[in-house]
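Features as listed in Swiss-Prot:
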BINDING   H25, H32, H69, E114, E116  Mn(2+) binding site
DOMAIN    30-164  domain 'Nudix hydrolase'
BINDING   C67, E87  Mg(2+) binding site
ACT_SITE  C67  active site
ACT_SITE  E116  active site
Amino acid sequence: MQTEHVILLNAQGVPTGTLEKYAAHTADTLLHLAFSSWLFNAKGQLLVTRRALSKKAWPGVWTNSVCGHPQLGESNEDAVIRRCRYELGVEITPPESIYPDFRYRATDPNGIVENEVCPVFAARTNSALQINDDEVMDYQWCDLADVLHGIDATPWAFSPWMVMQAANSEARKLLSAFAQHN
């Protein structure tokens with residue numbers, strides 16, 4: 001895979017340039033564009049993934065299905081599709097917007113900062129997973145209600161962006177509705 005970049009944003013969310021992805025994620029991470037996706041199977045179960053230990057930020061942490069950064073000229077939806085293929089080896093239904101204005105800043109235990117405008121999407125797959133071990137070290141298909149209960153009970157076990165997304169009542173309602181419509 002070619003070198004990925006992030007799209008830098010000003011405080012109003014307007015693109016101002018690009019920076020190589022790994023150079024962008026430091027203790028002083030600039031605001032940039034990302035996306036987050038929750039992937040469901042035909043049973044309405046959510047794919048929860050555990051980030052590979054080689055990941056720069058939040059290694060070994062459980063998170064929603066796929067996250068990443070759109071490339072210059074690429075739509076968020078196309079970026080979700082690209083990363084699902086790359087990380088999980090699956091084809092998905094067209095991603096649906098769940099939480100379009102999600103924005104967060106969080107610092108991992110190693111001091112790496114995420115500072116992102118990060119629209120949230122949901123999609124479905126019926127494909128068998130072909131996990132990329134460089135991205136994902138473990139995964140589980142779970143009922144959404146069980147995942148949300150786990151996040152509420154033990155937020156420290158999940159990525160901060162997943163916890164913050166699940167804390168939004170409208171996003172939670174839309175994810176629940178999405179899971180139920182197989």
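In case you wondered, yes, glycine gets a Cβ from its N, Cα and C as well.
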E87 (Mg(2+) binding site) to H69 (Mn(2+) binding site) - Cα separation in whole Å: 13
Most crowded position, judged by CB atoms within 10 A, among H25, H32 as binding-site residues: H32
Neighbourhood of E116 (Mn(2+) binding site), C-beta criterion under 8 angstroms, separation at least six: L31, H32, L33, A34, R103, Y104, R105, W161
Spatial neighbours of H69 (Mn(2+) binding site) that are distant in sequence (at least 6 apart) but have CB under 8 A: E4, H5, V6, I7, K21, H32, L33, A34, F35, A79
Same chain, 6+ residues apart, C-beta under 8 Å of the C-beta of C67 (Mg(2+) binding site), given in sequence order: A34, F35, S36, S37, R83, C118, W161
Among E87, E114, which are binding-site residues, the residue with the most C-beta atoms within 10 angstroms of its C-beta: E87
Three-class DSSP secondary structure - H25 (Mn(2+) binding site): coil
Three-state composition of the domain 'Nudix hydrolase' (30-164), taking helix and strand from DSSP: 31 helix, 48 strand, 56 coil
Residues close to Mn(2+) site centre defined by H25, H32, H69, E114, E116, Cβ within 8 Å: V6, K21, A24, T29, L33, A34, N115, C118
